[in-house]
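> Pasting a structure below so you can have a look.
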Amino acid sequence: MGNEASYPTEMCSHFNHDEIKRLSKRFKKLDLDCSGSLSVDEFLSLPELRQNPLVQRVIDVFDTDGNGEVDFEEFVVGTSQFSVRGDEEQKLRFAFSIYDMDKDGYISNGELFQVLKMMVRNNLQDWQLQQIVDKTIIILDRDGDGRISFEEFSAVVGNLEVHKKLVVTV
Amino acid sequence: MLCAALPLLWLPLAGAAATEEPTREPGSPGEPPPGLALFRWQWHEVEAPYLVALWILVASLAKIVFHLSRKVTSLVPESCLLILLGLVLGGIVLAVAKKAEYQLEPGTFFLFLLPPIVLDSGYFMPSRLFFDNLGAILTYAVVGTLWNAFTTGAALWGLQQAGLVAPRVQASLLDFLLFGSLISAVDPVAVLAVFEEVHVNDTLFIIVFGESLLNDAVTVVLYKVCNSFVEMGSANVQATDYLKGVASLFVVSLGGAAVGLVFAFLLALTTRFTKRVRIIEPLLVFLLAYAAYLTAEMASLSAILAVTMCGLGCKKYVEANISHKSRTAVKYTMKTLASCAETVIFMLLGISAVDSSKWAWDSGLVLGTLFFILFFRALGVVLQTWVLNQFRLVPLDKIDQVVMSYGGLRGAVAFALVILLDKTKVPAKDYFVATTIVVVFFTVIVQGLTIKPLVKWLKVKRSEHHKPTLNQELHEHTFDHILAAVEDVVGHHGYHYWRDRWEQFDKKYLSQLLMRRSAYRIRDQIWDVYYRLNIRDAISFVDQGGHILSSTGLTLPSMPSRNSMAETSVTNLLRESGSGACLDLQVIDTVRSGRDREDAVMHHLLCGGLYKPRRRYKASCSRHFISEDAQERQDKEVFQQNMKRRLESFKSTKHNICFTKSKPRPRKTSRKKKDGLANTEATNGKPPRNLSVQDTAAVILTVESEEEEESDSSETEKEDDEGIIFVARATSEVLQEVKVSGSLEVCPSPRIIPPSPTCAEKELPWKSGQGDLAVYVSSETTKIVPVDMQTGWNQSISSLESLASPPCTQAPTVTRLPPCPLAAEEPQHPFNLPYDPRPSFAFPPSLAKAGRSRSESSADIPQQQELQPLMGYEDRTHLSPGTANSHWCIQFNKGSRL
């Protein structure tokens, strides 16, 4: 595991060789049981990550094949979306899939509520949060089906210059 | 702060004032008599503050004049105009007083004029943006300023060595470096004045502006170090002094920032405990910020940095702690002070330039300086940006660099510093003063004038001024968390990592310590934005004046399906009947505030008892307007009302359900509350209400010459009121009451509404409207709300608006009612009876069914049919199919009920 040469470079075209090397090092460090993939527990071994409300969502999005673990390929592909060289659509997709918990391509009212609940924790009452969610959905929802498609999402969120914000140096 | 302080500026100027004042105040008596004076002229006692006030007034008036013409202000920055005005005024003063007066004194400038501006910019600094770009800002502020100072100074010295500067300018390398240090700093006042009008994109703005604020520390240090070197004489400067100079850079900047943060902490902590003395909250903000400034100044630290940090640091906590009104007060006072100070500064700059005795011209020096500051600024920006772009995730492009170089405006700080130079130590001071004035004028006027066209021409990305949207706030929170998570995962401790840590720390300790517990609990940014959005919606909703008052009133522009409906009063009527079934509209209606309810209540109060004064008013006001027709209608209305009242009083006495509560019989009221109405505050606020009602009744009697007894009419009036009020009550009670009384009702009169709450309850919607709103909204009764509201708005929108005040003011308001609502209402009068009943019939079908007898609901239907054709047409033309369907649906429902 961690043999970055085994992965074709086009797979993670946003990273150069150095960056992949660094990622691989990081991956090995996180992979406490050397299983070749990172479980949620291994992620949560980082104390600062434990405080992050969305860490579970991020891991879920990283875990593209849904086996509950993030292998190196998923790790690189996931992080590469945050590369400076990543395109806007990719970053928007990532943000979208943070909300889209059941991966059906739509953000439903309930999904948005759950994600926001993670973020605000107990700062807000549930009914307050529900009002916010309702309003957000109303604003975003153009075709009136009560849920948000990626197109609707990117129409509004695309204005926020996501491609400039969602950038992480590796 | 400013007004009290400015006298210092004028103190030395008594002579000129004395010569000038008489022209300004003609009619002053010449010699007061020696004895008891009836009238004494004591100019000298008020002179100083008077002059200050006068100057500020002149400046403000000038501002008003400038802004009369949109064209001028859109082309020329205000700062330019003010400087030019200053030049003119200076010329006048010079001509009148024969010597230059009213100059920009460095003491006044640094102690009184500068702090408000800096506080304003620090307090309202977009902190997120600032910290996002902190690296770039710091680089430009520290490295850039150092670079500018040294290169400009050295280049000027080289110019002198090359013989291009006249030999009468006696200056050594150190003098030139000193001059370079004061002329190199970008001035926050000038930058703010110009860039606020240019609207470049946020990043660019924050970089230039942040630099101008933070470079103060560097400027102060450089200036002081160079100044002391000059005073020591270059020969005596030791190597350690250079080291000390470098060290003092850190001491001054970090010390200034620390002072600012300490005061920010104190300020936040103090405002935590001002719950009972709200009135001093704004004062505290200003006092402590000013104290920070003075403390830093006293310790010869960077005062600008101190105030900036204080404003930046305290804002979050202070805003959470102080009341909404205090927030507004702080905002406006700060803006007023800052704008006032800025105006005065630019005007005085203009005036100061007139004084030719202070300055000496040397073309070589002036032109050389102008060229060098522009050149080295541009070069410095390009070099630093190149370095920065290696690290920046979002690089600054060429156009940004051009604007940044060109936006390096110099201003009053440089001027004040150059005035402070000691002529005995710096022999070339006069030349430096002249050069500084030219540089300031050139940058503010020429660059200020041209930067707007330049920005337009280069197509610099402008800032779109959009209000915070809920989505933006939500998603940015999400992005922050995502980024922090990903940074953690890849193990790169970048900016987001530290921001995340800071926020954790803030949440855990700082906010707990510095925020009021109540404030802390409700403090959530997302909720804040949501709240603000709601308020904005509500305001626009009110602004639209009830034209689109049905459920669409609160919809957002992004709800196309509902937006397209043109809402007429008829469609509102429709909606009304449909509101029981139109579920998705209800969803929005439930978000309605207690205000709507108040409006509804108010409306019913109005249309119940208070219509007659309106009539009278109209007759007396626009006599020619009233026709016999109106008179006729009026009579009819009076008749109807009287009949109604009689019926009601008859019924109430008969069934003993409606409570009579005239003033003479308060006991009775309480006794009759046996029906189980929750009436704990029965007698509260009763006298005023009764009074007002009786007043109205009296008017009615005299005007209409009714034959009813006064007591009788007042009584029924009140019942009227209360009966209507009932509409806005909570479900359970409504149900109860309907059950109690519904079966007893015989007459379909609209005014016969199930037993009413008492006077105190009438008060309730106003006093505790917010309180029981939740119950109200959540339960089934919500269906009543839109109905009440719509009817209310339909009938007399403007009268409602004029009445959005406590109920006690009812009677007076009515007599003063403007004629316009009347006109709007006129056509409806024929329908008055069938129309009015709507509120009482508007219970949700289920409730109505439960409560009413057959006969009543059958009486209900013809009425609806009467209105129907009218509504039907409007319906087809204006309503979207969805609503139309719902309407017809309702009609069917009603029919089937029959």
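Here the Cβ of each residue, glycine as well, is placed from N, Cα and C on the backbone.
All TrEMBL annotations are machine predictions without curation.
Below, the features straight out of TrEMBL:
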COMPBIAS  B:662-674  compositional bias 'Basic residues'
COMPBIAS  B:856-867  compositional bias 'Polar residues'
DOMAIN    B:56-457  domain 'Cation/H+ exchanger transmembrane'
REGION    B:658-694  region 'Disordered'
REGION    B:842-868  region 'Disordered'
SIGNAL    B:1-18  signal peptide
TRANSMEM  B:48-68  transmembrane segment
TRANSMEM  B:80-97  transmembrane segment
TRANSMEM  B:109-125  transmembrane segment
TRANSMEM  B:137-159  transmembrane segment
TRANSMEM  B:171-195  transmembrane segment
TRANSMEM  B:204-225  transmembrane segment
TRANSMEM  B:245-269  transmembrane segment
TRANSMEM  B:336-354  transmembrane segment
TRANSMEM  B:366-387  transmembrane segment
TRANSMEM  B:399-419  transmembrane segment
TRANSMEM  B:431-451  transmembrane segment
> Take a look at B:109-125, B:204-225, B:245-269, B:336-354, B:366-387 and tell me which one has the most Cβ pairs under 8 Å to the transmembrane segment (B:48-68).
B:336-354
> So are the transmembrane segment (B:137-159) and the transmembrane segment (B:109-125) touching or not, going by 3+ C-beta pairs under 8 A with a sequence gap of 6 or more?
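Contact absent: fewer than 3 Cβ pairs fall under 8 Å.
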> For the transmembrane segment (B:366-387) and the transmembrane segment (B:336-354), decide whether they are in contact, meaning at least 3 CB pairs lie under 8 A, counting pairs 6 or more apart in sequence.
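No, these stretches are not in contact.
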> Where else in the chain does the transmembrane segment (B:171-195) make close Cβ contacts, counting only residues six or more beyond its ends and a cut-off under 8 Å?
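Beyond its ends, the transmembrane segment (B:171-195) has Cβ neighbours at 77-79, 114, 117-118, 121, 145, 148-154, 156-157, 160, 205, 208-209, 211-213, 215-216, 218-219, 222-223, 226-227, 229-230, 234, 304, 342, 345-346, 369, 373, 407-414, 417-418, 421, 426-428, 431-432, 435-436, 439-440, 443-444, 447-448, 451.
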> Pairs 6 or more apart in sequence, C-beta under 8 angstroms, 3 or more of them: is that satisfied by the transmembrane segment (B:109-125) and the transmembrane segment (B:204-225)?
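With 3 or more qualifying Cβ pairs, these stretches touch.
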> So what's near the transmembrane segment (B:336-354) in sequence-distant terms, Cβ-Cβ under 8 Å and 6+ beyond its ends?
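Residues 1-2, 6, 55-56, 58-60, 62-63, 78-79, 82-91, 93-94, 100, 102-104, 109, 112-114, 116-117, 119-121, 189, 192-193, 411-412, 415, 437, 440-441, 444.
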> Mind checking which residues reach the transmembrane segment (B:431-451)? Cβ under 8 Å, same chain, six or more beyond either end.
75-77, 79-80, 83-84, 169, 171, 179, 182-183, 190, 193-194, 198, 346, 349, 352-353, 358-362, 365-366, 369-370, 373, 403, 406-412, 414-415, 418-419, 421
